[in-house]
Amino acid sequence: MKIDIVSVFPEYFEVMNLSLMGKAQAKGLLEIKAHNLRDWTHDVHHSVDDTPVGGGAGMVMKPEVWSECLDELLGFSQPSAATDAVDTSDPGDSAAPDSSAPSGAPVLIFPNPSAPLFTQRDATELSHADHLLFGCGRYEGYDARIPDYYRAQGVDVREYSIGDYVLNGGEVAVSVMLEAITRLMPGFMGNPDSIVEESYTGEGALLEHRQYTKPAVWRGIAVPDVLLSGDHGKVDRFRRDEALARTAEIRPDLIAALDCKALDKADRKTLMALGWEVSAAHPRRLAD
C-alpha cells in the first residue's frame, strides 16, 4: 500500500518508522511518505492560509496551495476542464462512488471534526486500498471547496471525524486512522489471529472481553477461575458472556444493532439476564 501524507509538520510522522509500522515498511508492505504543504507555495513567507471569507476568528487553509499539491500527488497533469462542475453536497459526506472495496485509484482522506465518525468498518474497507492520500488540516481547517472540487473530478474523497472533540490539527487524527487501517493488512501483524476477537471486529461486533496474564494472583486479586480450568469450551463461553456484558454496559448501541437470529441459545440467555428482550429482530432493553 502506498501512503502519502500532506502536512505543514511532516516531521510529525517520523514515528511511522517505529514498531510494526516500521517493520511493515522494511518488508515492503507499506510505502509511507510525508510531504510538506509549504513546498507548493510561491511567496517568500510560504503562506498556506488566509482570513475566512465573511469574517470570523482564525485562518483557513488556502485552496490554491492544496490544489497544486493534490494535483501532483494524484497525478493530475493540469486542472480539469470540469472545474465549474463542482459537487456542492455536504462536505461531511464520506461516501465513495463505490465504497465496497477501494483499490487502484487513490483515496483522498481529510480529518474533519464535523464529518462522520471513522469506524472499524471504515478501517477494514480502506485496508484493501492500493493508495491512500491524507490531507492534514490546521488552523480553522481547509477551504470547503477543496474536497468538493476533487469529488467533482471523480476522486474518492472521504472526510472523517475520530470523535466528538477538536484537535489543533489533523496529524493526530491521521495517525489514528493510519494505524487502524494498516494493522488490518495481511502480513502486518505477527499473529493474524490477534485481531479476530478484538473490539468492533466483524459482523455482530462487541467490545472485547478483558485480558489477564500471569501470575494467577496479583496483590490479592485472582484471575477468574474458569480461565485456569483448561476447558476451552468454558473459557470461550466465559469470554463471550463477558464481552456481551461489557458491551451492554458501555456500548448498548452495539447490542441493539445485533441480529437476534445470529445469537445462540447461550447468548440469548446472557442478554435476557442483563435485561434485554431478544425475541424481535434486534435486542431491546426492557427498561426502554
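Cβ from N, Cα, C; glycine included.
Predicted, not measured: the structure shown is a model, and the values here were computed from it.
Pulled from Swiss-Prot:
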- GLY137, ILE162, GLY163, ASP164, TYR165, VAL166, LEU167: S-adenosyl-L-methionine binding site (BINDING)
- 89-105: compositional bias 'Low complexity' (COMPBIAS)
- 82-105: region 'Disordered' (REGION)
**Message:** Between the two most separated Cα atoms in GLY137, ILE162, GLY163, ASP164, TYR165, VAL166, LEU167, the residues recorded as binding S-adenosyl-L-methionine, what distance in Å do you get?
**Reply:** 17
**Message:** Counting Cβ atoms within 10 Å of each candidate's own Cβ, which of the binding-site residues ILE162, VAL166, LEU167 comes out highest?
**Reply:** ILE162
**Message:** Let's check the environment of GLY137 (S-adenosyl-L-methionine binding site): how many other CB atoms sit within 10 Å of its CB?
**Reply:** 26
